[in-house]
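A.B. asks: Following this message is one structure expressed as structure tokens.
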Amino acid sequence: MKSPNYPFSSPLSPFNNRSPTPAASPAPATYKYPSPSTFLLRRHHPPPPPPPLPRRRETSLLLLDPTTTYPHAAMSLATSSSMAGGAAVVPRSATATTASAFVTMKRRATAVRAVHAAEPSKNPPVGVPSAAKTSSPSVAAPEKAPVAAAPAPVAPAPAATKQVAPARWAVDSWRTKKALQLPEYPNAAELEAVLKTIEAFPPIVFAGEARHLEERLADAAMGRAFLLQGGDCAESFKEFNGNNIRDTFRVLLQMSAVLTFGGQMPVIKVGRMAGQFAKPRSEAFEERDGVKLPSYRGDNINGDAFNEKSRIPDPQRMVRAYAQSAATLNLLRAFATGGYAAMQRVTQYRELAHRVDEALGFMSAAGLTVDHPLMTSTDFWTSHECLLLPYEQSLTRQDSTTGHFYDCSAHMLWVGERTRQLDGAHVEFLRGVANPLGIKVSDKMNPTELVKLIEILNPSNKPGRITIITRMGAENMRVKLPHLIRAVRHAGQIVTWITDPMHGNTIKAPCGLKTRPFDSILAEVRAFFDVHDQEGSHPGGVHLEMTGQNVTECIGGSRTVTFDDLGDRYHTHCDPRLNASQSLELSFIIAERLRRKRIRSSKLNNMLPLPPFGV
């Protein structure tokens, strides 16, 4: 029955989505309230939803292909939490991808190929834009199919503009740049003879091992693994013996077991070992009692004894450093694969936790016994600061499989705070080697400079290639790190973020010795995790100066080391290190933080709505 009082063509009707037709007579001056039936109809028949607004950008589908490396724009779409423009990602492979193809609703598929950072023939010099950047601000210009029509005329370039051919990288191209922190050898002929000798030596590590580490670091960048990097501040010839190597390796295994249990994720074990000799110095000379001598720069350069003969740089020390590095890595390989790394042996040295023992008991009941290969071996890699460039160049080899150059002195290298100049020799050398690279970053780093440095060292934006090692101090970490994370994310760059809580917390004790308070180290680690929780990024690891020996160099910890205890066992040749007890205590704290993060993520995933059936 139709209500005679309800006008279905009135503006109040829920069935009328168009503007009302103007009435023939003028509208009354007073407002007329709608009838009650109008409200009833609007209640039981709500108005239809408004039409969707037009999208400003078309929806894209990004298909990732695992054959060649991909550019910044592709990976920024693949990893950005915002997914600008409504792009969806469909990975073709679980491995690290190296090429990409964009498929849009209005365009045909076009392949976008990028250049590997260590491909010398296509790696442009600093400051010269590549062809990919010239054609587009974000991605390389797609290859267009030939057409029958005549090409459009191209305006000639201005006469003043000159096209500069990109310079090719070479193992010695760093010599054309300004090199800092390098010693001055008095005998150039002897230096060249030593370098020729080292060039004939076999590599210490192999390219395939470095590639494997890069793949693991890519997992850490995505939050699927955690990097534990630790070892001596500087290795020395005097303290080189098997027991010291074993003790440091053992503590790293113990820390790894704790972190693995807490985070429920693989732990990547990288030692500051088998090559960590050279050290940068803030001053070129050291003065004592009116006597001025060159600073001690590491046992592979000169001696630490304060006399003129010891402080003269000696090229022969590089040969000894090579031999010690090879012997150290040989022993580490034996420990990692010969049963010493068995999980059941880890808790024999120190009580880690009752829960770890329970977990090991469950694994044994499940069939992972001590004889199982997974329980008796582990992966272990080496790393050091890339500082003494003549030595690094002599151990650089071209991989016969890929054609890329690898610095075979270590699996991973990092550039320090004092040598990371964009136009410097160290950056020039590292941009051409395919090893995974680290960048030490202090609170002095500008976000724009960091983005440029990453572009130079990793133009193809390959996951696992770059690890950012922050060393700022706790308070500076909370202020400076968020800006760096946002700048890198905005640039679409993929990096692994780890913290070095040691270098930003060095103080001078009343006795005159350098030390580091354990509480300050712990505060910086907590600040690192807090900032990444705030920014929604992944805390990828920790970088420590530590030893397996019972030294007294850092104050604090559960077994309190005081200022008065520093002189008892202060054995470092450079900076203070965490001892075995302090290192394990720190690993427990980090493991608990990883556990809470894992539980929080699990609860969040359980709260997310399930997709519709069939999707």
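Here the Cβ of each residue, glycine as well, is placed from N, Cα and C on the backbone.
Because TrEMBL annotations are produced automatically, they should be read as predictions rather than curated entries.
For CYS233, HIS503, GLU545, ASP575, the entry in TrEMBL reads Mn(2+) binding site. According to TrEMBL, the feature phosphoenolpyruvate binding site maps to ARG272, GLU417, ARG418, LYS440, ARG471. As annotated by TrEMBL, compositional bias 'Polar residues' applies to 1-18. The compositional bias 'Low complexity' feature in TrEMBL is assigned to 19-37. The region 'Disordered' feature in TrEMBL is assigned to 1-58, 116-144.
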A.B. asks: When neighbour density is defined as the number of other C-beta atoms within 10 angstroms of a residue's C-beta, which of the binding-site residues ARG418, HIS503 has the lowest density?
C.D. replies: ARG418
A.B. asks: Taking the centroid of the Cβ atoms of CYS233, HIS503, GLU545, ASP575 (Mn(2+) site), which other same-chain residues have Cβ within 8 Å of it?
C.D. replies: MET502, THR506, ARG516, CYS574, PRO576, ARG577
A.B. asks: Could you state the whole-number distance in Å separating the C-alpha atoms of ARG471 (phosphoenolpyruvate binding site) and HIS503 (Mn(2+) binding site)?
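C.D. replies: Spelling it out, the Cα of ARG471 (phosphoenolpyruvate binding site) and the Cα of HIS503 (Mn(2+) binding site) are 6 Å apart.
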A.B. asks: Taking just the CA atoms, what is the gap between ARG272 (phosphoenolpyruvate binding site) and ASP575 (Mn(2+) binding site) in Å?
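C.D. replies: Here the two Cα atoms are 14 Å apart.
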A.B. asks: Taking 10 A as the limit, how many CB atoms besides its own sit near the CB of GLU417 (phosphoenolpyruvate binding site)?
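C.D. replies: There are 16 of them.
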A.B. asks: Looking only at ARG272, GLU417, ARG418, LYS440, ARG471, which the record lists for phosphoenolpyruvate, tell me the maximum pairwise CA distance in angstrom.
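C.D. replies: Spelled out: the longest distance between any two Cα atoms in ARG272, GLU417, ARG418, LYS440, ARG471 is 19 Å.
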A.B. asks: Using a Cβ-Cβ cut-off under 8 angstroms and a sequence gap of six or more, which residues of the chain neighbour GLU545 (Mn(2+) binding site)?
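C.D. replies: Result: GLY230, GLY231, ASP232, CYS233, ARG272, MET502, ASP575, PRO576, ARG577, LEU578.
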A.B. asks: Can you tell me the CA-to-CA distance separating HIS503 (Mn(2+) binding site) and GLU417 (phosphoenolpyruvate binding site), as a whole number of Å?
C.D. replies: 11
A.B. asks: Counting every protein chain present, what is the number of Cβ atoms, excluding its own, within 10 Å of the Cβ of ARG272 (phosphoenolpyruvate binding site)?
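C.D. replies: That number is 26.
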A.B. asks: What three-state secondary structure does DSSP assign to GLU545 (Mn(2+) binding site)?
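C.D. replies: Strand, per DSSP.
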A.B. asks: When DSSP is mapped onto helix/strand/coil, what comes out for ARG471 (phosphoenolpyruvate binding site)?
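C.D. replies: Note: ARG471 (phosphoenolpyruvate binding site) is coil by DSSP, not helix or strand.
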A.B. asks: Check each residue in the chain of LYS440 (phosphoenolpyruvate binding site) that is at least six apart in sequence and keep those whose C-beta is under 8 Å from its C-beta; list them in sequence order.
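C.D. replies: Result: TRP414, VAL415, GLY416, GLU417, ARG420, ILE469, ARG471, ASP500, HIS503.
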A.B. asks: Just name the most isolated of the binding-site residues ARG471, ASP575, going by other Cβ atoms within 10 Å of its Cβ.
C.D. replies: ASP575
A.B. asks: Check HIS503 (Mn(2+) binding site) against DSSP and tell me helix, strand or coil, would you?
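C.D. replies: Looking at the DSSP assignment, HIS503 (Mn(2+) binding site) belongs to a helix.
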